[in-house]
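Below is one structure, written out as structure tokens, with a few remarks after it.
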């Protein structure tokens with residue numbers, strides 16, 4: 001499995017599992033797609049998967065901003081706005097960004113600075129919750145707009161391209177692994193809030209995707225490609241039956257909220273037709289401290305999105321991403337954050353980890369499918385009642401999906417180790433230490449915040465505290481900082497390093513025109529490459 005650095009004198013032809021720069025076994029790659037009817041169903045499935053994060057993020061921040069009234073009006077409007085902007089951003093990224101089949105949606109990363117803004121003492125004089133919500137939302141909008149220019153500068157001016165040129169498979173592996181594994185708290189801990197619904201959902205996903213296809217021989221891959229859809233329908237009906245039968249009538253409120261199918265309040269609060277528009281909450285406000293905090297969150301979003309881009313490129317059977325395409329994708333991520341700020345979503349954007357995992361589960365890495373999902377986001381955010389019904393899926397079901405989908409992203413990172421020499425002790429140290437320290441430091445920061453109500457960095461400067469908490473509570477960000485530094489400094493003068501860390505496998509993809517396949521996967525549409533060349 002190891003490449004380079006002592007393979008016992010055997011040529012690659014004698015390796016039982018030769019190194020593949022494109023993942024084999026994918027049914028549809030970036031440039032191909034299923035039939036139109038099947039593509040539409042796949043697109044709807046991607047829409048259902050991204051709904052979970054949209055609802056969770058909005059449900060976390062809106063009540064803290066003052067929008068948690070009994071009618072849930074503000075929450076429903078923020079969810080629909082975030083869905084609408086996610087649809088726009090997904091189309092922009094798939095047409096003009098990396099061109100990979102990635103969904104650009106709401107991000108957990110921005111919760112820390114957003115909550116800090118929402119709980120600021122500057123709103124203490126406001127007694128009207130609705131006015132408080134609008135004031136805090138406008139401050140978040142201003143911070144997102146400023147942060148978007150930071151992200152666009154990093155991307156469009158090529159700074160991320162410089163970083164990516166020194167990127168090796170050894171440094172990328174911890175990043176991609178912890179992009180998936182780092183979200184473990186959104187998996188089984190959330191599933192266990194209603195174990196009688198969440199556990200059957202997890203079993204259903206595994207059974208439909210991994211066992212039924214081998215038990216029922218068919219020329220058409222149905223159950224494995226649509227396992228998410230089948231699982232949601234079956235378990236949602238099961239949860240409806242439990243609710244109607246009164247299984248939770250005497251349960252504590254926390255259990256009822258997690259298990260019942262009639263407690264979200266989104267369907268009654270959502271409008272039949274409402275088109276989100278820029279500055280709908282008013283003119284954005286700008287505060288330097290807020291902006292710096294959100295800039296730190298946007299940096300983490302860049303890092304985690306890079307991990308998701310790499311995972312998506314593997315599951316879409318594309319070649320390794322050229323540095324210029326990485327940078328282009330980050331630039332359009334900045335445009336996405338700008339739209340978040342203009343429309344007022346309450347959070348920034350990142351590449352959706354769960355949707356990248358869905359590419360691996362279905363083996364359908366089609367760009368067209370993800371673009372279809374973007375149209376579902378746009379349509380169902382405007383016709384809010386229909387979208388609200390789907391957004392009312394019990395969150396333990398969503399958490400069950402995450403257990404499988406995040407695992408696929410992590411395994412894409414493990415797959416990058418085929419390019420490395422795993423018999424090298426340098427490789428073992430960098431890989432093991434970056435993974436351990438990435439999980440350990442982030443766990444320390446998150447646990448400290450949960451117990452003490454503030455992070456371990458607790459100075460008089462709130463913005464500095466938020467910057468430290470945001471960066472070091474991200475496992476993927478900590479891991480890549482450690483792995484990249486060690487890979488660029490530890491024994492770098494030795495001749496064997498480039499073979500051990502796998503750099504020689506990615507060398508021909510560092511220039512956009514060095515491999516003929518690169519243009520097939522990553523070139524811009526309508527001959528735009530001639531106006532916006534990639535280097």
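Each Cβ is built from the backbone N, Cα and C atoms, and glycine gets one as well.
Because TrEMBL annotations are produced automatically, they should be read as predictions rather than curated entries.
Positions annotated as transmembrane segment by TrEMBL: 44-66, 78-96, 102-119, 140-160, 166-185, 197-216, 228-248, 374-393, 399-417, 429-446, 466-486.
Of the candidate ranges 102-119, 140-160, 197-216, 399-417, 466-486, 466-486 contributes the most Cβ pairs within a distance under 8 Å of the transmembrane segment (429-446). Counting C-beta pairs under 8 angstroms (sequence separation of 6 or more), the transmembrane segment (102-119) reaches the transmembrane segment (466-486) with 3 or more such pairs. Taking Cβ pairs closer than 8 Å, the transmembrane segment (374-393) reaches residues 43-44, 46-48, 50-52, 54-55, 76, 79-81, 83-84, 86-88, 90-91, 94, 103, 232, 236, 261, 264, 266-267, 269-276 in its own chain, all 6 or more past its ends. Spatially, the transmembrane segment (44-66) is adjacent to the transmembrane segment (399-417); three or more Cβ-Cβ distances between them are under 8 Å for residues at least 6 apart in sequence.
Here the transmembrane segment (197-216) touches the transmembrane segment (399-417). Their Cβ atoms form 3 or more pairs under 8 Å, with each pair 6 or more residues apart.
Note on the transmembrane segment (140-160): residues 65, 110, 113-114, 117-118, 281, 284-287, 290-291, 293-295, 297-299, 301-302, 306, 323-324, 326-338, 340-342, 344, 346-348, 535 of its chain, located 6 or more positions outside it, place their CB under 8 angstroms from a CB of the stretch.
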